[in-house]
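Noted in TrEMBL for the protein shown:
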{"type": "COMPBIAS", "residues": "1-19", "note": "compositional bias 'Polar residues'"}
{"type": "REGION", "residues": "1-20", "note": "region 'Disordered'"}
{"type": "TRANSMEM", "residues": "30-50", "note": "transmembrane segment"}
{"type": "TRANSMEM", "residues": "62-81", "note": "transmembrane segment"}
{"type": "TRANSMEM", "residues": "101-125", "note": "transmembrane segment"}
{"type": "TRANSMEM", "residues": "137-156", "note": "transmembrane segment"}
{"type": "TRANSMEM", "residues": "240-261", "note": "transmembrane segment"}
{"type": "TRANSMEM", "residues": "282-308", "note": "transmembrane segment"}
{"type": "TRANSMEM", "residues": "328-350", "note": "transmembrane segment"}
{"type": "TRANSMEM", "residues": "370-392", "note": "transmembrane segment"}
{"type": "TRANSMEM", "residues": "497-518", "note": "transmembrane segment"}
{"type": "TRANSMEM", "residues": "538-561", "note": "transmembrane segment"}
Amino acid sequence: SSQIVSFSHQPHQPHSTPASKEVWKKGGRMFSILLAVHLALLACTLVSSGAFEKIAVHDYDVFFLLTVMMLIVIVWIIFYLASTSRCPDAILCRDSHAGPIWLRGGLILFAIFSLVMDVFKIGYYSSFYSCLSAIKIIYPIVQAIFVVVQTYFLWLSAKDCVHVHLNVTRCGLMLTLTTNLAVWMSAVTDESVHKAHSKLKKNVTEDIFRWLLKAGMRSSSAEECNCNSQICQIFKNGYFWLYPFNIEYSLFASAMVYVMWKNVGRFIDHHSHHIHRLKFRLFRRTFFVGIMLGLIILVSGLGVLVLYEVQVNSSTESSKKSQALTMYYIFNIVCLGLMSLVCIGGSVIYRFDKRDMDRHKNPTRTLDVALLMGAALGQYAISYYSIVAIVASTPRDAISALNLTYALLMIAQHTFQNIFIIEGLHRQPPKEDHKHDSHQKDLYGLTFVNINAVSLRVPDSASTLAPSTAPGAEGICPAELGRSLTAPRKMNWRRKFLREISMFLLLSNIILWIMPAFGARPQFDNDTELNFYGDSMWPAIVDICLPFGIFYRMHAVASLLEVYI
């Protein structure tokens, strides 16, 4: 067995047989999975109960549970770092595929915005602390400490293959993963409730809104307190705008923790494990077509986002709302259509790629594929619900036609992009240009070669050599020389085109992440789905599925960076 399992701090047990080690490894994993499932169900029950009406579960009950979970995780992380630093045999090998630099860099970026969000939360709740429970202020403080400790832990230990305290480590990692998922569920719920209140406030007066709160409409306990000062409003609006970064941080951390959990007790064959180092070659050996086209899409998308926010959220005129929806759908149709075409082109280029498939065991790649396929299900669900509502509804107008085209292209783009990225993840890394045999190296060393002149001196048959030829030299025909001289150029064009495609997809996925993450959500503003499914069912569908679609875009960016950039 290539894996070692132990219940003590010793790296191995000499009297254990390979079969018993495998059984106990599965037993330790199963116990940690059961712990995570029970905690996740408990957190999900509290979070969902706090989001619905007429249930005696309040938001401070949810915050109390999350605070306790984060404190336990902080204590465990300190124990892990202390125990692994003191034991020389704790980490015998490291997974080079786990925690690449761009993933850890993205984690730090989201962590910084999450800390800013916690500062805004503390400032907001401190504005009227007298009418709130103390846990409302304690929770963002503990969450800020949790973000700092966990980010430091993942930056240092994301690649670890631990061989001490195996069962404790598995349970600790599963507890960390469950805590991040619980924080993610709480953030998604809070954001959805806030958007529902914001939409209701636009349609009713302040007095009616407060009457609805008292009549039983579910709200945050802070909604019942007065936030009249300008600084209080800034804090309130600020931390809700920063919720998408905290949501992405929790999902990124969960993915990295899961890979660490899979690597507990694992040994790695370094001969079959390719080490990838980040090389900043974005502007080397490229035609700039993908970068320029991607930047055009990115800048255009930012302009569409600003206009959409102004015309939909700041205006009550139906004509401006229709114009904003039309503009949004046209931009997304063009963007998704181009992305689908370039993904198909990339898959065609793979047919000419001579690289072998990488079939080595790789938990990071397995997780990447699972996350790409699983996160895409969220957008698939929204698209299919929209298709059914549009086809079954009457009458049909221009916006309905654009919405239908948008939904179909969204399904196609996710499918083609998944095929393109997953095929790249399973390819062997490209060989460097200088890695050729000795015969080709001699030919490539010629800076300027006149093939016609060479053909005058080298016989076509290459069967006889001149007496002056050095012993051991080989005859070279002009055709072979031409093929050898042009081999690097034929090998590089595929890599250049794949890089152009990946740069365009990377920038396009970034803008398609930014738009829904920062408020451009036509699912809530288009009346077709709302009228067909009702004001309760359709928002619930979007609130559940849309975060997965947003996470899909960021994970696609990370996968494109890992494979092609």
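Yeah, the Cβs are placed from backbone N, Cα and C, and that goes for glycine too.
Any TrEMBL annotation is an automated prediction that lacks curation.
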Is it true that the transmembrane segment (137-156) and the transmembrane segment (62-81) have 3 or more CB pairs under 8 Å, sequence gap of 6 or more?
yes
Maximum Cβ pairs under 8 Å to the transmembrane segment (30-50) - stretch from the list 62-81, 101-125, 240-261:
62-81
Please identify the stretch among 62-81, 101-125, 328-350, 497-518 with the greatest number of Cβ pairs below 8 Å relative to the transmembrane segment (240-261).
101-125
Residues from the same chain, set at least six apart from the ends of the transmembrane segment (328-350), whose C-beta lies under 8 A from its own:
293, 297, 300-301, 304, 308, 399, 402-403, 405-406, 409-410, 412-413, 416-417, 419-420, 423-424, 427, 494, 497-498, 501-502, 504-505, 508, 511-512, 515, 520, 522
